[in-house]
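Novice: Annotation source TrEMBL lists active site at Lys12, Asp139. If you look up TrEMBL, you'll see 69-147 marked as domain 'GHMP kinase N-terminal'. Look at TrEMBL and you will find Pro97, Val98, Ala99, Gly100, Gly101, Met102, Ala103, Gly104, Gly105, Ser106, Ala107 tagged as ATP binding site. The feature domain 'GHMP kinase C-terminal' is assigned by TrEMBL to 213-287.
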Amino acid sequence: MTRPVTARVPAKVNVQLAVGGLRPDGFHDLANVFLAVGLHDEVTATPADTLRITVEGADADQVPLDHTNLAARAAAALAERHGIEPGVHLHIAKDIPVAGGMAGGSADAAGALLACDALWDTKASRDELLQICADLGSDIPFSLVGGAALGRGRGELLTPLETGGTFHWVFAVADGGLSTPAVYRECDRLREASGGGAGAADVPDPEPSQALLDALRSGDATALAAAVSNDLQPAALSLRPALAATLRAGADAGALASLVSGSGPTCAFLAKDPEAAQAVAAALAASGTCRTVRITSGPVPGARLVDA
Ligand code: ATP
């Protein structure tokens, strides 16, 4: 195919992020309940002599344009498996905050894979695409799958979850990002400092909350709000204390739940309905505690090709 191919990929919020102890390989076992939400990046693949990346969007200057870009790595991995040259220009239209705890880089990797698979006609199976995603990063398989899912292992072993309705969210985007590895290190440091230890033998095995899974299945926002949790939140707050004021502003405005999204610093607010989401968003915008406020909902589908 020589026409450009565009893939659209959603962001995620973790409605539960239970983090086990530090494993000898440096990872943590997780019980990670992902929900795909309606902020999207678009990745457009066009034939080119070499692998080239361009990015547009408010955070574009924070995205690497070299071979470390996750979209470039995904394209290179697919090409290598199929014994072809990764000749492609990948243009990323970025709407997901960078280093914001919403899996923006993962979204671009999943989008690049889908778009290049169509452009190069490599006809990779779903399992092959999922395998490449898992090899590239823990959150990337979910970007491909979307909806709602439980991630075990490092988060890459996915079980799709049923959801009984649409949940309404407000996201408060912070100025500047947080490094995910730095937040995990801070989580370990806080666990050590509290005297409990941070190793796999010191921390209970992470388990999904049955109340949370039930709330997702029934579509009950109030029950979901009571069950959400994020073990990385204390670490994100420790590294970025100003987030406490953001969380408070959303809670004061009537959010059913206020939590840090993944490794942060984006804060996520669950609202009862679209009107409540508008009220929470207006209060957050007026609070001066964040850079931008976004209203959206989930679950939404994972990466898919769109007409350019
Ligand atoms: P997660 O929620 O999966 O932990 P995140 O949303 O916090 O991730 P990303 O937006 O994925 O963070 O970016 C993390 C870092 O990855 C960035 O600081 C950037 O240097 C690097 N990166 C590589 N490729 C990309 C990409 N395509 N888009 C954004 N960042 C990328």
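Including glycine, each Cβ sits where the backbone N, Cα and C put it.
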Novice: Hey, how far is Lys12 (active site) from Ala103 (ATP binding site), Cα to Cα, in Å?
Specialist: 6
Novice: Ligand 1: which of the recorded positions Lys12, Pro97, Ala107 have a Cβ closer than 6 angstroms to it?
Specialist: none
Novice: Fewest other Cβ atoms within 10 Å: which of the binding-site residues Pro97, Gly101 wins that one? Let me know.
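Specialist: It is Pro97 that, of the binding-site residues Pro97, Gly101, has the fewest other Cβ atoms within 10 Å.
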Novice: Please average pLDDT over the domain 'GHMP kinase N-terminal' (69-147) for the predicted structure.
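Specialist: Over the domain 'GHMP kinase N-terminal' (69-147), the predicted model scores a mean pLDDT of 97.
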Novice: With DSSP assignments reduced to helix, strand and coil, which class does Gly105 (ATP binding site) get?
Specialist: helix
Novice: Which numbers of helix, strand and coil residues does DSSP report for the domain 'GHMP kinase C-terminal' (213-287)?
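Specialist: Secondary-structure breakdown of the domain 'GHMP kinase C-terminal' (213-287): 44 helix, 11 strand, 20 coil.
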Novice: List the residues in the vicinity of the ATP site, defined as same-chain residues other than Pro97, Val98, Ala99, Gly100, Gly101, Met102, Ala103, Gly104, Gly105, Ser106, Ala107 with C-beta within 8 angstroms of the site's C-beta centre.
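Specialist: The surrounding set, listed in chain order, is Ala11, Ile96.
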Novice: Using the alpha carbons only, what distance in Å do you get between Asp139 (active site) and Ala103 (ATP binding site) once rounded?
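Specialist: A Cα-Cα distance of 7 Å.
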Novice: Which chain-mates of Ala107 (ATP binding site) that are at least 6 residues away have a CB under 8 A from its CB, listed by sequence?
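Specialist: Once residues fewer than 6 apart are set aside, Ala107 (ATP binding site) is near Val9, Pro10, Ala11, His40, Asp41, Ile96, Ser143, Ala303.
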Novice: Got a sec? Which of these binding-site residues, Ala99, Ala103, has the most Cβ atoms within 10 Å?
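Specialist: It comes out as Ala103.
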Novice: Restricting to the chain of Gly105 (ATP binding site) and a gap of 6 or more, list residues whose Cβ falls under 8 Å of its Cβ, or answer none.
Specialist: Asn69, Leu70, Val98, Gly137
Novice: Reduce the DSSP letter at Pro97 (ATP binding site) to three states and note it down.
Specialist: coil
Novice: Tell me, by DSSP, whether Asp139 (active site) is helix, strand or coil?
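Specialist: The three-state answer is coil.
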